[in-house]
Amino acid sequence: MAEIRVFPLSCAVQNYAWGKVGSESEVAKLVASGDPLVQIQPDQPYAELWMGTHPRGDALIRDNRIPQKTLGQWIADNPACLGAKVKDAFQGHLPFLFKVLSVNTALSVQAHPNKELAAKLHAQFPEHYPDANHKPEMAIALTCFEGLCGFRPVEEIVSFLQNVPELRALIGEVAAEQLERSGSDDPRGVSAALRICFTRLMKSEKKFLVDQLNMLVKRISQEAAEGKDTSGSNGDLLLRLHSQYPGDIGCFTIYFLNLVRLEAGEAMFLGANEPHAYLHGDCVEIMACSDNTVRAGLTPKFIDVLTLCEMLNYTPAPSSSKIFPAAQSQLDPYVYLYDPPVPDFAIMRIEIPASIKLYLISAMDSASILLVIQGTAVGTSTAAASEMSLHRGSVLFISANESISLHLSSPDGMLLFRACCLL
């Protein structure tokens with residue numbers, strides 16, 4: 001009997017309060033489509049679907065010939081499934097966690113440390129930073145997706161300083177004028193002035209912050225009621241975030257950070273020290289295996305303003321530069337590769353047109369996890385126990401150097417995402 005190295009997974013759902021509720025959630029719809037026994041609760045938030053080996057959500061293997069094992073347990077027993085390079089580089093562990101997120105309310109102003117800072121934070125504050133690994137992330141939109149990412153061009157921030165007196169009051173006249181005087185011919189000076197302004201904002205005294213925020217909300221609300229244009233104060237987004245997190249310093253970060261809007265298939269890569277927040281929408285996400293997040297606003301979780309302000313990359317850039325490009329494969333025109341500048345992970349978006357009835361998921365020298373977003377097929381592999389029925393919400397683990405033949409039966413083709421590690 002051939003060794004089973006390709007099999008379906010049952011994956012963990014995380015019901016965080018910021019998630020979309022009931023059938024509005026892409027997570028809920030995928031889970032219900034993948035398992036007809038799942039009943040969607042209409043008042044329950046379905047925030048994240050975890051596909052991987054994280055100890056708080058290790059996927060279960062759905063194959064009767066592999067009794068009662070999690071994916072993490074199976075990989076520990078069969079480390080060669082990762083591929084030789086991946087096994088050696090990551091000490092026999094799957095180096096990524098693959099997710100689907102459905103975001104209804106803003107998900108924390110945050111950044112992730114590089115490996116050096118992660119090790120330092122873990123040694124000093126293990127209760128808040130539970131491991132010594134970095135945590136780069138990449139989000140690929142499934143629906144229209146909004147997030148904050150990286151510092152805006154200085155001229156945009158200066159415009160807000162001049163149009164939003166409540167913001168200027170929090171930062172102070174000296175720091176505001178320093179940023180206004182900084183020239184584009186002095187990038188270090190710009191970054192230094194930006195650091196001072198952002199740090200002053202984030203360290204604002206709580207009562208003064210709340211007073212200024214309430215004044216700003218009142219002013220924008222009145223202007224909106226009078227039919228005035230509030231875009232100079234980023235009014236719509238400010239009121240939305242304030243309704244979700246009243247009195248929160250994170251509401252003011254919209255004047256410093258780029259608002260990035262992704263269409264389906266567009267991506268954001270979030271490297272070390274990049275300030276960001278997810279605001280709304282559905283995405284697939286992949287990240288290195290770590291729980292290290294430094295937060296400073298729009299969250300009920302632990303906040304570490306000092307560390308965040310010290311670690312950030314204060315290089316201003318336009319929002320368009322934050323969209324991470326996918327490269328069409330030269331070997332397979334249906335594959336689009338998102339390959340960020342970190343060794344831990346990459347994602348392939350596979351769009352198979354309806355005209356194709358037989359498609360090969362190629363073998364690679366890396367374990368991978370395959371997620372079906374759209375379409376139906378029967379999958380066969382010499383490394384699988386039997387034929388596999390694939391449909392929306394199906395998740396497969398594919399060991400290194402194994403392939404799957406898909407016999408498509410969908411009139412609309414298929415959309416798949418494949419998470420892997422390309423070394």
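Yeah, the Cβs are placed from backbone N, Cα and C, and that goes for glycine too.
From a predicted model like this one, the values you see are computed outputs, not experimental measurements.
As annotated by TrEMBL, active site applies to Arg295. Taken from TrEMBL, the feature Zn(2+) binding site applies to Gln110, His112, Glu137, His276. Annotation comment: TrEMBL describes 6-154 as domain 'Phosphomannose isomerase type I catalytic'. The domain 'Phosphomannose isomerase type I helical insertion' annotation in TrEMBL covers 170-257. Per TrEMBL, the feature domain 'Phosphomannose isomerase type I C-terminal' maps to 337-377.
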Mean of pLDDT values spanning the domain 'Phosphomannose isomerase type I C-terminal' (337-377):
97
With DSSP as the reference, give the number of residues of the domain 'Phosphomannose isomerase type I C-terminal' (337-377) in helix, strand and coil.
0 helix, 21 strand, 20 coil
When DSSP states are grouped into helix, strand and coil, how many residues of the domain 'Phosphomannose isomerase type I helical insertion' (170-257) land in each?
67 helix, 1 strand, 20 coil
Across the domain 'Phosphomannose isomerase type I catalytic' (6-154), what are the DSSP residue counts per state (helix, strand, coil)?
40 helix, 45 strand, 64 coil
Report the residues of the chain - excluding Gln110, His112, Glu137, His276 - with C-beta within 8 Å of the mean position of the site's C-beta atoms, for the recorded Zn(2+) site, in sequence order.
Ala111, Lys135, Leu270, Glu274, Pro275, Thr293
Other C-beta atoms that fall within 10 angstroms of the C-beta of the residue listed as 'active site':
22
